[in-house]
Amino acid sequence: MKSLIFVLLLGAVFAEEDKIVGGYECTRHSQAHQVSLNSGYHFCGGSLVSKDWVVSAAHCYKSVLRVRLGEHHIRVNEGTEQFISSSSVIRHPNYSSYNIDNDIMLIKLTEPATLNQYVHAVALPTECAADATMCTVSGWGNTMSSVDDGDKLQCLNLPILSHADCANSYPGMITQSMFCAGYLEGGKDSCQGDSGGPVVCNGVLQGVVSWGYGCAERDNPGVYAKVCVLSGWVRDTMASY
């Protein structure tokens, strides 16, 4: 039970220590939908899905937060950033902190983001991505590298794994609102990297970084909220505010 609790709380409690392992520095502003959630410090990632709304993980919830857009080097003001506060932070009504099911939330911005070459929205899915689809996960942090570029946005390309492989890696823990992506042999992983951050496949937001066991370990891939299953709630909620 102790190890189970550690697994489930890893992303939520240690979000500010998350790191991508085996990845590379993203081309500047190639992930212009990527945002940083800030509460005096960076604590989670997220994705801009319209000029007014950000998607993140429910386990990243804070009642009030600031969204930083247009970032690349998170500790340097590069002149491309926009800082916008939240007006509403809304967790999925069926989110479970016990098993991290339905791990998604929406953040309404107090003012619209200015869309430009540094900041733009990513599309929500109209269908689920197929197994083996290659996707990109992004986030800040790479402290397991000999060259620590963790303050610069990191990217990792990784495939969606089958439900069977995912369930075999985490028996009894994978729900219909989750999927696994990564490499069963280990060595490359988002490592919750940043919790709440995007998994983008062919230009569409298919995943939200959620949880996992360890970091880049064999047979323990990263687990992500399955946006295609949750997108109905996302669209309905955005339309009702």
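First residue shown is number 1, and so on along the chain.
A Cβ is built for glycine as well, from the same backbone N, Cα and C atoms used for every other residue.
Note that the coordinates shown come from a computational prediction; the quantities given were computed from them, not determined experimentally.
Take the candidates CYS180, CYS191; Swiss-Prot pairs CYS166 in a disulfide bond with CYS180. A disulfide bond in Swiss-Prot ties CYS201 to one cysteine from CYS60, CYS128, CYS135, CYS155, and that cysteine is CYS135. Among CYS26, CYS60, the one Swiss-Prot lists as the disulfide partner of CYS44 is CYS60. For the recorded site, CYS60 (disulfide bond), the DSSP three-state label reads helix. When the recorded positions CYS26, HIS59, CYS60 are screened for a C-alpha within 10 angstroms of the C-alpha of SER195 (active site, charge relay system), the residues that qualify, in sequence order, are HIS59, CYS60. Comparing C-alpha positions, HIS59 (active site, charge relay system) sits nearest to ASP103 among the recorded positions ASP103, CYS166, CYS180, CYS201, CYS228. Counting only residues at least six positions away in the same chain, the Cβ atoms of GLN206, LYS226, CYS228, VAL229 sit under 8 Å from the Cβ of CYS128 (disulfide bond).
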